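Enquirer: So TrEMBL lists these for the protein:
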- Asn105, His110, Glu115: oxalate binding site (BINDING)
- His108, His110, Glu115, His156: Mn(2+) binding site (BINDING)
- Cys31-Cys46: disulfide bond (DISULFID)
- 60-210: domain 'Cupin type-1' (DOMAIN)
- 1-21: signal peptide (SIGNAL)
Amino acid sequence: MSNKLILFCIVALTFACLALAYEPAPIQDFCVSDPNSSVKLNGVACKNPTQVKAEDFFFSGLHLKGNTSNAVGSRVTPVFAAQLPGLNTLGISMVRIDYAPWGINPPHTHPRATEILTVLEGTLQVGFVTSNPDNRFISKVLQKGDVFVFPVGLVHFQRNVGHGNAVVIAALSSQNPGAITIANTVFGSNPPIPSDILAKAFQVDSSVVAQIQAKF
């Protein structure tokens, strides 16, 4: 019995030490990304701190209107770690989104981030869908100054329902939030998802799927 007790104490102490050794918060002031590094990490390797400059923490351009002359009538201007190296490991980023009248930011998800959005100009319909099995559609029309949050991983969208252009600024809880646009992913994958699978999933004829895939 005493031997089992000693073994249990050793195992418990080992796990306690491992828990104390884990540090979820940053353990240095910053980790400016070094895209030229050959080191492969879950993220980007850090630049030598002695080579860091003020420009590594600076981005200019969110005052510029995005070009919305495209099929969906919107343009996202990102400020992620790729554009602002000082964001690396800090778990935050932002975007500017411009919308032409009736332009949309199509249904998409951010696999690594919650998004909080505020309207600077215009009127937007926004919404997201909860996960299975409920698949509740939660939507609201936003005016200038309104704020809305999209929980991490859920499919969401925005649509300009005003008579003029619309602009928002959004913050995301990752320096690299990722984006999965539903239509592009499902119908524009490379190589394509077999049309018979999509036809069965969407309960449509395979010829309809082929026509949609051809647009991507």
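Backbone N, Cα and C define each Cβ position, glycine as well.
Tell me what's around each of these sites.
Expert: Proximity of Asn105 (oxalate binding site) to non-local residues of its own chain (separation of 6 or more, Cβ distance below 8 Å) is seen for Val72, Ser74, Val76, Ile97, Tyr99, Phe157, Gln158, Arg159, given in sequence order.
Around His110 (oxalate binding site), the same-chain residues at least 6 positions away in sequence with a Cβ under 8 Å from its Cβ are Phe150, Val152, Gly153, Leu172, Ser174, Pro177, Gly178, Ala179, Ile180.
Cys31 (disulfide bond) counts 24 other C-beta atoms within 10 Å of its own C-beta, drawing on all protein chains shown.
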Enquirer: When the Cα of Cys31 (disulfide bond) is compared with the Cα of each of the binding-site residues His108, Glu115, His156, which one is closest?
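Expert: Sorting the binding-site residues by distance from Cys31 (disulfide bond), the top entry is Glu115.
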Enquirer: Long-range neighbours only, meaning 6 or more apart in sequence with Cβ under 8 Å: which ones does Glu115 (oxalate binding site) have?
Expert: Val149, Phe150, His156, Ala170, Ala171, Leu172, Ser173, Pro177
Enquirer: Please list residues from the chain of His108 (Mn(2+) binding site) whose Cβ is under 8 angstroms from its Cβ, counting only those at least six apart in sequence.
Expert: Val155, His156, Phe157, Ala179, Ile180, Thr181, Ile182
Enquirer: Please identify which of Cys46, His156 has the densest Cβ environment, defined as other Cβ atoms within 10 Å, among these recorded positions.
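Expert: In terms of Cβ crowding, the pick is His156.
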Enquirer: Other residues with Cβ within 8 Å of the Cβ centroid of Asn105, His110, Glu115 at the oxalate site?
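Expert: Once Asn105, His110, Glu115 are set aside, the remaining close residues are Val95, His108, Thr109, Ala113, Leu117, Phe150, His156, Ala170, Leu172, Pro177, Ala179.
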